[in-house]
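What follows is a short report on a single structure.
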Amino acid sequence: MAEIFLTNTLSRKKEKFVPIKKDMVGIYSCGPTVYRDIHIGNFRTYLAADILKRVLIYNGYKVKHIKNITDVGHMRTDPEHAKAFDPVIAAALKEGKTPQEIASEYTKIFLEDEKALNIILADAFPKATEHVQEMIELTKTLLEKGFAYETEGGVYFNVKKFAPYGKLSGNTLDKMDKLLEAVRVATETDKKDSADFALWKKAEPDRSVKWDSPWGEGFPGWHIECSAMSMKYLGEHFDIHSGGEDNIFPHHEDEIAQSEAATGKKFVNYWLHSGFLLVDGKKMARREGNVYTVADIIKKGFNPLAFRYLTMTAHYRSRLNFTWEALEAAENALNNLYREVTGYASEGVPKGPCAGCGEKFLEAVNNDMDMPAAVSVVWELVKSNKPTSTKLATLYKFDQVLGLDLEKVAKEAAKAPKEVSELVSKRTEARLQNDFATADKLRQEIKEKGYEVVDTPEGPKLKKIPNK
């Protein structure tokens with residue numbers, strides 16, 4: 001297999017990827033908290049993980065991919081009242097539904113959005129609520145090993161007991177006090193140290209979602225969820241953990257601490273983090289009115305795959321600025337690519353990719369998923385003087401990584417409606433009779449129905465006009 005290089009947040013270096021098992025790669029991706037529509041910033045991160053998965057498959061690896069669903073325990077802070085709350089429960093109260101109904105509704109929407117963006121489904125989507133027992137067992141292990149302690153409010157991980165704390169984020173214990181005092185939640189005053197984090201929280205009497213545990217009724221902390229679920233499905237030591245740069249601290253730092261403290265083993269070999277998606281140069285925020293979803297993209301008439309294309313114009317670790325103008329430019333580029341592909345397809349069956357055409361593409365995608373370079377290779381091929389059948393076969397192969405549905409678009413373009421086929425026949429007859437005025441009129445009618453006629457030595461071929 002060709003060499004693959006990935007930038008590892010843990011080492012802060014670009015490293016050659018070496019899997020634990022020869023031909024199988026285990027990946028865990030932090031999934032959504034399902035209490036409202038997932039915004040496109042999150043999907044930028046999920047698309048990066050999808051490209052990673054596709055690159056590995058393109059190189060011949062089998063991939064086992066796990067993406068969790070957080071349906072409990074991801075506590076947020078209400079800054080006005082200095083009170084922690086569970087957003088799933090809060091959304092349920094607001095909408096007059098049960099937390100389970102809220103989680104189910106938004107999980108369904110999330111999966112539909114993933115499909116719209118052509119994200120390959122994970123092998124499993126474990127839900128936090130279905131793995132509470134594993135979280136309890138992991139918490140018990142940490143208590144038994146002396147890495148955790150119980151208080152009136154719950155069970156906490158003692159970060160001072162884990163010497164390597166901070167190795168992922170750089171937020172080592174000597175830097176932590178001032179940082180964590182600034183964000184300390186008022187409801188966690190019983191912690192021994194401001195850096196300590198919750199493994200299990202004891203529930204208020206009126207809390208609707210809670211479980212029995214050795215420490216009384218309660219619910220798991222957010223960080224313990226991912227450790228328990230990732231290790232259940234991938235083992236105590238696996239290849240790759242992905243997420244957004246906002247996950248580095250505290251979430252992924254805390255995952256490493258509790259997992260390695262519990263098992264005594266290295267948790268994950270490679271940590272990959274994608275950059276933020278900005279909107280008009282600003283961080284997305286509801287108060288700014290600049291939080292957009294896949295549904296918003298579709299409502300404005302865009303192909304959701306235009307957003308997929310847009311994310312590939314910047315390196316996954318770089319911050320990407322989203323604007324509607326940038327999305328329009330991405331869709332124009334995508335439509336031009338579709339136009340080229342449907343044109344190639346109208347000229348004959350692809351005979352196979354050209355020798356050497358894929359080397360630059362493979363070099364780009366294997367170099368820390370350099371998708372801007374890969375997209376550049378695509379357009380270089382399109383503009384080349386290679387035979388069209390060769391271009392088509394090569395682009396179909398590239399699309400195993402790109403995920404832009406090039407072959408699907410080309411095949412759909414070839415399936416013209418009966419009325420369009422009849423117009424083509426009439427135009428052919430008019431041309432045979434040298435009635436070029438009628439032929440031109442019929443060409444225009446065909447165009448209005450979303451197709452372009454391409455005259456070839458083998459006869460007229462149809463090319464689908466994108467967005468028609």
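Here the Cβ of each residue, glycine as well, is placed from N, Cα and C on the backbone.
Annotated Zn(2+) binding site per TrEMBL: C30, C226, H251, E255, in sequence order. Per TrEMBL, domain 'tRNA synthetases class I catalytic' is recorded for 17-331. The feature motif ''HIGH' region' is assigned by TrEMBL to 32-42.
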### Query
C30, C226: which of these binding-site residues has the highest Cβ count within 10 Å of its own Cβ?
C226
### Query
If you count Cβ atoms within 10 Å of the Cβ of E255 (Zn(2+) binding site), leaving out that atom itself, what do you get?
27
### Query
Excluding C30, C226, H251, E255 themselves, which residues in that chain have a Cβ inside 8 Å of the centre of the Cβ atoms defining the Zn(2+) site?
W222, H223, E225, S227, H241, G243, N247, H252, D254
#### Entry: DSSP-derived class (H/G/I helix, E/B strand, else coil) of C226 (Zn(2+) binding site)
helix
### Task
Would you mind checking how many other C-beta atoms are within 10 angstroms of the C-beta on H251 (Zn(2+) binding site)?
20
### Query
Over the motif ''HIGH' region' (32-42), what does the predicted model average in pLDDT?
94
### Message
Please list the DSSP helix, strand and coil residue counts for the motif ''HIGH' region' (32-42).
### Response
3 helix, 2 strand, 6 coil
